[in-house]
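Here is what Swiss-Prot records for this protein:
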type	residues	note
BINDING	Cys91, His133, His137	Fe cation binding site
ACT_SITE	Glu134	active site
Amino acid sequence: MAVLEILSIPDPRLKVKAEKVTDVSTIQTLIDDMLETLYATGNGIGLASTQVGRKEAVVVIDISDERNDPLILVNPEVVSGENKALGQEGCLSVPEYYADVERYTSVVVSALDRDGNPITIESDEFLAIVMQHEIDHLSGNLFIDYLSPLKQKMAMKKVKKYVKAQAK
């Protein structure tokens, strides 16, 4: 297993649309590496393959306090959603920036698990928000894309400052 580099805005690879996985046996190492990368962040709760420069439609999520209950979603899709509300979001690809985003508070998501079995997840909790955020990444969308141009500029400025400070 390996810790992968997490891309930051404005990297154009974050805008790439993921491709459906046709054979889950080909992504087992990717899943393991994505989980290791997620856990290495210390505070991340979700990671999409496009955030590590990969094109396969894979999402890993772990919202457990102990960080030992991963949810693997292959080819995930939001089938339905209800009741929109504003909630604060952040992103590993937009470090140190948080903003309110409107999302469904209740969703149904269909996907494959890491073994290729079809799964359906219904959630009206925090997981619903996290799944939407990560699935957006697979479409080449970031949470800041929902913000005004001014707030997008502010996010870019903050991330550039953060990346510059990390490079020192």
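Glycine residues also receive a Cβ, built from the backbone N, Cα and C atoms like all the rest.
Taking the mean position of the Cβ atoms of Cys91, His133, His137 as the Fe cation site, the remaining same-chain residues with a Cβ inside 8 Å of that point are Gly46, Ala48, Gln51, Glu89, Leu92, Ser93, Glu134, Asp136, Leu142, Phe143. By neighbour count, meaning other C-beta atoms within 10 Å, the densest spot among the binding-site residues His133, His137 is His137.
For Glu134 (active site), applying a Cβ distance below 8 Å and a minimum sequence separation of six or more within one chain yields Gly46, Leu47, Ala48, Val59, Ile61, Leu73, Pro76. Using a 10 Å Cβ-Cβ cutoff, Cys91 (Fe cation binding site) registers 27 neighbours. The DSSP secondary structure for Cys91 (Fe cation binding site) is strand.
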